[in-house]
Amino acid sequence: MPTNVWPVSTTGLLFSLGLFMAPWGGHATFPEIYIDQEEPEKYGKCMSVSFGFSYAVDLLTGIVGFLMFGSTVQGEVTNNILMGDYPKLLQHSLVLLMGLLPISKLPLMSRPILTILDQYFPAILGRMILSGLYLGAACVFQDFSSVVALLGAGVCFTVCIVLPSSFAISEGGGKQGDSSRGSFYLWWGLIVVGGAGAILGTLGVLLRG
């Protein structure tokens, strides 16, 4: 399959910004993980190992998928395997694993949302509302790569870069003498880069359709 080193279009480059940021979107679960840990003092190491491992797996999957299928690779490498001439056992195993993924991931990602909903609704009603929203979103947005790219651009750039940098500035980052003034400009630089990435990434999703 033909491959390329550089993006073949500006739209594709902008679209990839959201995909690049998407694996870092677990920040919303950080407080819940910290609260549930038996040894909170190991929180930093836990996050470094978890995110380092998950991003390495994401990167390796992307590289292998691109080398296998080239420019025909889809938003999910598993789609290429499911629609190709591969052993049925492999295809059935992939379907089973993809079905187990929401069971393991959704409860963790939904925890922060449910914590807020439980303040306004009975527990069962809050879970029914959230499940309905998930189902509706899955029915409306059926292109997985576009959904991931949109969330990565619109949400992850904001949650992972813009907001933490803004909080650092609001807490006095870079305001205590000339020695730390560089950090002040660094935070503002990250805000500009994160904001630009969010806008351009969202634009790439819209242009790609």
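Using the three backbone atoms N, Cα and C, a Cβ is placed for every residue, glycine included.
Residues or ranges marked as domain 'Amino acid transporter transmembrane' in TrEMBL: 11-204.
Within its own chain, the signal peptide (1-28) is flanked in space by residues 51, 54-55, 58, 66-72, 109, 112, 145, 148-157, 159-160, 197, 200-205, 207-208, which lie at least six positions past its ends and keep a Cβ under 8 Å from the stretch. If you look up TrEMBL, you'll see 1-28 marked as signal peptide.
Under the heading transmembrane segment, TrEMBL lists 52-69 (among others).
Sequence-distant contacts of the transmembrane segment (89-108) (same chain, six or more residues past either end, CB-CB distance under 8 Å): 29, 32, 78, 81-82, 134. Taken from TrEMBL, the feature transmembrane segment covers 89-108 (among others).
Sequence annotations record features per position, and here TrEMBL assigns transmembrane segment to 120-141 (among others).
Annotation comment: TrEMBL describes 148-169 (among others) as transmembrane segment.
Under the heading transmembrane segment, TrEMBL lists 184-207 (among others).
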TODO: Please indicate, using numbers and ranges, the residues of the same chain that are 6 or more beyond the transmembrane segment (184-207) and have a C-beta under 8 Å from a C-beta there.
DONE: 11-18, 21, 146, 149-150, 152-154, 157-158, 160-162, 165-166, 168-169, 173-175
